[in-house]
Amino acid sequence: MELWFTEYQTPTLGITCKTKKTLHSEKTEYQELAVIETEQFGRMLLLDGIIQTTVADEFVYHEMIAHVPLFTHKNPKKALVVGGGDGGSIREIVKHPSIEKAVLCEIDRRVIEVSKEYLPEISCALDNEKVEVVVGDGIKYVKEHKNEFDVIIIDSTDPIGPAEGLFAIDFYRAVYDCLKEDGIFVAQTESPFIDKELITRIIRDVKSLFPITRLYTCAIPTYPTGYWCFTMGSKKYDPLETDIDSIPDIDTKYYCPQIHRAAFILPKFAKELIK
């Protein structure tokens with residue numbers, strides 16, 4: 001008998017994958033957590049039935065959420081990831097020689113533990129000597145740390161449940177205060193095809209706090225519509241002015257200097273969202 005998994009991404013849209021088996025399933029303190037083996041995308045991490053990452057396409061998301069702000073900043077030494085318990089963003093951050101410390105703040109301990117067990121290629125840097133893992137509320141952590149980080153990455157789930165507060169202007173204010181005077185933050189901000197109002201609001205909120213606000217995009221097959229965006233708020237450095245010729249060669253599959261520049265070139269319909 002064939003087994004198929006379907007994520008209903010909207011009331012009228014979904015993605016369906018043929019599965020081999022369920023490797024893990026549990027109800028944590030915060031959410032339903034599962035890892036399944038799929039034919040097309042390999043192992044897939046699910047939270048409340050929503051695809052978070054897969055071994056086949058995770059590199060796109062993690063490289064773009066991490067390297068764009070890190071190479072925009074002139075000398076990032078300390079970075080924070082809020083969410084991202086699978087460890088993919090941390091893996092990319094520690095590829096940068098300038099990084100002296102990377103902090104992961106994940107509210108659900110079991111996401112970290114299960115990722116280490118079933119997704120070692122993604123979570124492989126969580127035990128790196130430069131990495132500190134904090135199990136706790138990311139909003140609380142950010143509010144308790146002022147003027148501390150060069151780069152903050154909001155690697156959150158969708159804006160429902162435990163992650164809802166990570167999309168609020170009060171949180172963005174706390175992020176601003178948590179950053180150093182030349183700091184940069186990036187948040188994943190969903191699909192411009194189906195989350196237009198959310199993106200417009202986030203851009204407006206971030207613009208009210210940061211002198212430089214940019215939207216950039218990439219293609220992620222397993223995320224809703226396959227077209228995803230990130231919002232950057234920067235106190236000093238403009239990613240459009242990054243000297244891409246000076247970006248060193250690092251081990252990536254998607255990100256490159258040309259992609260760094262091209263990701264900010266938006267189709268007309270997406271430009272309308274950020275006016």
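Quick reminder: no glycine exception, Cβ is built from N, Cα and C everywhere.
Cβ environment of D155 (active site, proton acceptor): I65, V81, V82, G83, G84, G88, S89, Q188 lie under 8 Å away, each six or more residues apart in the same chain. The active site, proton acceptor annotation in Swiss-Prot covers D155.
Residues annotated as S-methyl-5'-thioadenosine binding site in Swiss-Prot: Q31, E106, D137, G138, P162. The Cβ neighbour count for Q31 (S-methyl-5'-thioadenosine binding site), using a 10 Å radius over every protein chain in view, is 21.
Within the same chain, the residues at least 6 positions away from D158 (spermidine binding site) whose Cβ sits under 8 Å from its Cβ are I50, E190, listed in sequence order. According to Swiss-Prot, the spermidine binding site annotation covers H62, D86, D155, S156, T157, D158.
Look at Swiss-Prot and you will find 2-235 tagged as domain 'PABS', backed by sequence analysis.
All protein chains included, G138 (S-methyl-5'-thioadenosine binding site) registers 28 other Cβ atoms within 10 Å of its own Cβ. Neighbour counts of Cβ atoms within 10 Å were compared for the binding-site residues E106, D137, and the top value is held by E106. All chains included, 27 other C-beta atoms sit within 10 angstroms of the C-beta of H62 (spermidine binding site). Around the Cβ of S156 (spermidine binding site), a 10 Å sphere holds 19 further Cβ atoms from the protein chains shown. Largest Cα-to-Cα span within the spermidine-binding set H62, D86, D155, S156, T157, D158: 16 Å. Cα to Cα, H62 (spermidine binding site) and E106 (S-methyl-5'-thioadenosine binding site) are separated by 16 Å.
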